[in-house]
Amino acid sequence: MGEHPSPGPAVAACAEAERIEELEPEAEERLPAAPEDFDPGNTGYISTGTFRSLLESHSAKLDPHKREVLLALADSHADGQICYQDFVNLMSNKRSNSFRQAILQGNRRLSSKALLEEKGLSLSQRLIRHVAYETLPREIDRKWYYDSYTCCPPPWFMLTVTLLEVAFFLYNGVSLGQFVLQVTHPHYLKNSLVYHPQLRAQAWRYLTYIFMHAGIEHLGLNVVLQLLVGVPLEMVHGATRIGLVYVAGVVAGSLAVSVADMTAPVVGSSGGVYALVSAHLANIVMNWSGMKCQFKLLRMAVALICMSMEFGRAVWLRFHPSAYPPCPHPSFVAHLGGVAVGITLGVVVLRNYEQRLQDQSLWWIFVAMYTVFVLFAIFWNIFAYTLLDLKLPPPP
């Protein structure tokens with residue numbers, strides 16, 4: 001969709017390096033085959049002079065924004081040498097600290113022309129630019145994303161999850177003969193995807209409950225938020241990272257219910273949705289001056305109102321007289337579990353575009369906290385129900 005930057009001259013030189021970017025057939029050429037061509041002494045560094053001459057000789061093949069970043073990398077090394085691996089990482093778009101260091105330490109002023117000011121863009125280019133301004137707080141990150149995004153692969157994770165949720169809802173609606181407040185049907189909980197406290201030993205239910213929704217009013221808001229927030233985030237940060245946050249929110253939601261609302265079942269994808277939305281909103285607040293999305297205050301207010309209405313609906317439904325006593329209606333605690341994941345793991349993911357998460361100490365702190373919570377919830381489910389002599393509703 002966006003223009004495809006050509007590979008740097010030294011990237012193909014690394015014997016074990018894969019071909020990192022696609023060239024159009026007429027632009028393809030073989031570049032020097034070994035890093036020794038640039039680093040005869042095998043020191044792991046190349047001189048900035050050699051680096052600049054390579055950039056000049058291949059400047060016609062590089063996108064202007066990527067060329068600016070590479071020049072910033074050269075200017076950031078006052079000792080006249082550039083780490084060869086830093087260069088490879090930059091050209092291959094690897095998530096590493098070298099990208100951020102090249103920008104933050106560079107003493108060259110990057111082009112003052114903002115991406116938003118560029119004219120003559122196609123519809124797909126305008127869409128990519130819009131996504132960049134919706135999700136990224138730094139102009140250089142927006143330019144880098146705009147240049148490197150190829151829509152390959154597409155945002156398949158959020159689209160697949162959404163389609164599955166809609167398909168399961170329609171199937172259940174036809175089977176039960178009910179689409180509004182589907183959860184009030186006496187046979188609703190008989191579905192093997194729903195999390196039920198009596199069936200908590202069936203581990204898949206801690207995840208598959210996202211494919212069951214209380215009704216079309218429940219599904220509708222979750223689908224809208226997944227598409228409007230989840231898809232752009234996946235376009236920028238990738239399916240692996242966004243899928244990790246989403247699934248972590250889903251699992252945290254069901255485990256939170258099993259600890260804090262022990263007699264209630266769980267349905268709906270709100271745990272994952274609230275993880276993504278709360279992470280995105282927190283990222284906007286933490287980078288308020290850098291986020292250039294239009295009407296951000298109004299849109300944040302609308303998002304919070306929608307989330308509050310959905311949460312209020314869930315609370316009302318939980319305490320509404322049950323259609324299948326003595327089992328109550330599904331719990332609302334999964335929403336809170338999703339929010340907790342979003343403002344911890346989710347924020348770290350969204351704040352570290354093009355950086356390795358394993359290099360961030362805060363990432364490991366939150367991963368440790370999440371792991372401790374999961375282990376605690378597992379032991380709670382094994383022992384607490386018996387120790388507390390809790391009377392659970394019968395299985396559906």
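In case you wondered, yes, glycine gets a Cβ from its N, Cα and C as well.
Heads up, TrEMBL stuff is auto-annotated, nobody curated it.
Per TrEMBL, domain 'Peptidase S54 rhomboid' is recorded for 201-351.
Outside the transmembrane segment (242-260) by six or more residues, the chain places 157-158, 161, 195, 197, 200, 205-207, 209-210, 230, 233-234, 266, 269-276, 279, 331, 333-338, 340-342, 345-346, 349, 370, 373-374, 376-377, 380-381, 384 with a CB less than 8 A from a CB of the stretch. Residues or ranges marked as transmembrane segment in TrEMBL: 242-260 (among others).
The transmembrane segment annotation in TrEMBL covers 266-285 (among others).
There are 32 other Cβ atoms within 10 Å of the Cβ belonging to Ser270 (active site, nucleophile). Summarising the annotation, TrEMBL assigns active site, nucleophile to Ser270.
Per TrEMBL, the feature transmembrane segment maps to 297-319 (among others). Using a Cβ-Cβ cut-off under 8 Å and counting only residues 6 or more beyond its ends in the same chain, the transmembrane segment (297-319) has close neighbours at 183, 214, 217-218, 221-222, 225, 229, 261, 264, 268, 270, 274, 277, 281, 284-285, 328-332, 335.
The transmembrane segment feature in TrEMBL is assigned to 331-350 (among others).
Sequence annotations record features per position, and here TrEMBL assigns active site to His335. Every protein chain considered, the tally of other Cβ atoms within 10 Å of the Cβ of His335 (active site) stands at 25.
Summarising the annotation, TrEMBL assigns transmembrane segment to 362-388 (among others).
When pLDDT is averaged over the domain 'Peptidase S54 rhomboid' (201-351), the result is 93.
On a Cα basis, Ser270 (active site, nucleophile) lies 6 Å away from His335 (active site). The list of residues near the transmembrane segment (266-285) in space but at least 6 beyond its ends in sequence, with Cβ under 8 angstroms from a Cβ of it, reads 135, 137, 161, 165, 183, 194-195, 209-214, 218-219, 222, 225-226, 229-230, 233, 242, 245-254, 257, 291, 293, 296, 300, 303-304, 307, 310, 314, 330-331, 334-335, 337-339, 341-343, 345-347, 349-351.
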